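Features as listed in TrEMBL:
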| type | residues | note |
| --- | --- | --- |
| ACT_SITE | GLU98 | active site, nucleophile |
| ACT_SITE | GLU102 | active site, proton donor |
| CARBOHYD | ASN106 | N-linked glycosylation site |
| SIGNAL | 1-21 | signal peptide |
Amino acid sequence: MAPNLILISLFLCSFMAASSAGNFYQDFDLIWGDHRAKILSGGSLLTLSLDQASGSGFQSKRQYLFGRIDMQLKLVAGNSAGTVTAYYLSSEGPNRDEIDFEFLGNLSGDPYIVHTNVYTQGKADREQQFYLWFDPTKDFHTYSFLWNPQRIIFLVDNIPIRVFDNGESYGVPFPKRQPMKLYSSLWNADQWATKGGLVKTDWSKAPFTAFYRNFKANACVWSKGSSSCANNKNNAWQTQGLDANSRRRLRWVQKYFMIYNYCSDLKRFPQGRPRECRRSRF
């Protein structure tokens, strides 16, 4: 099937699932940036802004240990070169676990780069990068983490773009013991974010603003040393992988939209690719 026909099919499928909106007052704390982070419309909308003085950010009130996390974002429009909108799960401390989406800003007319990474016990270096098949500044789109004991799946509008499997059986650590909060921030990274730092932030275009809505966490809440899922093993996401249709979607994204994969960067790993790269199916 031609790529554009597959695109139409995936685009339509991605909007069939209904979203349920969370309340940002109840679910999140604004943690830096002063007035640059705002909760609006009775708690149904959150905005982060960046100007030359500061960026801004928020974090979830709850910690999670496995689950499916969905959020709709509309990214900084126009000339967003030098800016980064980070959206990620993270534990605390130097040996933290972390699961990242980072959206690297662009010159007007150039595509955003979606940067993904997985930290385990403080170690990262597992980057994969993608273009998107739509303009993420024109409307809201859903960005999701599905995290269970077997794998991590990154999804965009319910289309998988990356899978990181549990490789403990062959010596690769997997994030499964440290509860994480959900964070997002908008900040200046013009030393590296756009064309390797060659393009700097144009502060005449500030403030830069990203928008958030429809947070949903179907997840195990961690509190006082125990999980809300301790006696509930019936959530579909707890063992979810990719069915045949999802595997086709993943291959489509990775064939036409992936622009960097650490597993293919032989110059970076002259002593041999990381162990998980030798095992991964994708």
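Cβ coordinates come from backbone N, Cα and C, glycine included.
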Rounded Cα-Cα span from the residue listed as 'N-linked glycosylation site' to the residue listed as 'active site, nucleophile', Å: 25
Residues near GLU102 (active site, proton donor) in space but at least six apart in sequence (CB under 8 A): VAL84, THR85, ALA86, TYR87, TYR88, VAL114, HIS115, THR116, ASN117
Count of other CB atoms lying within 10 Å of the CB belonging to the residue listed as 'N-linked glycosylation site': 23
